[in-house]
Amino acid sequence: MSIKYVATSKLPTPWGVFAMHGFEDTETGKEHVALTFGTLSADEPVLGRIHSECLTGDALFSLRCDCGFQLQTAMQNIAETGCGFILYLRQEGRGIGLLNKIRAYELQDKGANTVEANEQLGFPADMRKYDMIKPMLEQIGVKHVRLMTNNPRKVKAMKEFGIEVVERVPLQVGKNRYNEAYLKTKSTELGHMMSEYHFVDED
C-alpha cells in the first residue's frame, strides 16, 4: 500500500478541537487528511464520514453542491456525539480535478447535468477510488463505522476493505434552488439515497 502516515496536529474548529492526521500517497503524490475527535474505539462503532475534496463547496461556499454543508454538518455531528472521524480525500470533482470541474460547470451552465458534463469531457460519471481508506482507518484505530453518507458506493468500498458499516447515517443537508437539479441527478443517475422530501421546495 502506498499510503504513508506523516504527522498529527491539533485543529481548532468552531465545533471543538479535532486532531488532524496527514497522509501521503507515495505513488500519486496526493495528500489526504483524517480528522478525529475524542477517543476512538476499535471495538465500538464510530461515527464517521468519507469526504472527497470540494474546493468550491468546502472553502468557497458554493451553493452548486451540498458538499460544504455535508462537511460542516458531519463535523458538528461528530463533536456533539463526542467522538468520530472524517477522512478528507483529495479527489476534487469526483476525481477529475479542479480545472476539469470548472469545465464541467461551464457545460452545466449551458444545460448539461453533472453526469452529462463529465461524460462530454470524456470522463466517467465518478472516478473516485477508496483504496486509501483502509490504511488511514488502521492508523486512527477504527474498525466499525456508523457512516454518514447518502452514497452506497462508499458503504460498499468500506465493506470491501474489511471495515464493518454498522449503520448508514443519512446526511441530507444544503438543498437550495441552485443545486436542486444536481441533487436529483445524484439520486436518479448516481444512486445516492435521498428521500423525496429533500427535493421539495422550501417556503
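Each residue, glycine too, has its Cβ placed from N, Cα and C.
Annotated features, as they stand in Swiss-Prot:
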BINDING   Arg49, Ile50, His51, Ser52, Glu53, Gln70, Glu92, Gly93, Arg94, Thr114, Thr149, Lys154  GTP binding site
BINDING   Cys54, Cys65, Cys67  Zn(2+) binding site
ACT_SITE  Asp126  active site, proton acceptor
ACT_SITE  Arg128  active site, nucleophile
Integer Cα-Cα distance in angstrom, Cys65 (Zn(2+) binding site) to Arg94 (GTP binding site): 12
Cβ packing number for Cys65 (Zn(2+) binding site), 10 Å threshold: 19
Conformational class of Asp126 (active site, proton acceptor) under the three-state DSSP mapping: coil
Thr149 (GTP binding site) and Cys54 (Zn(2+) binding site), distance between Cα atoms, whole Å: 15
Listed recorded positions among Cys67, Asp126, Arg128 whose Cα sits within 10 Å of Arg94 (GTP binding site): Asp126, Arg128
Reduced DSSP assignment, Cys67 (Zn(2+) binding site): helix
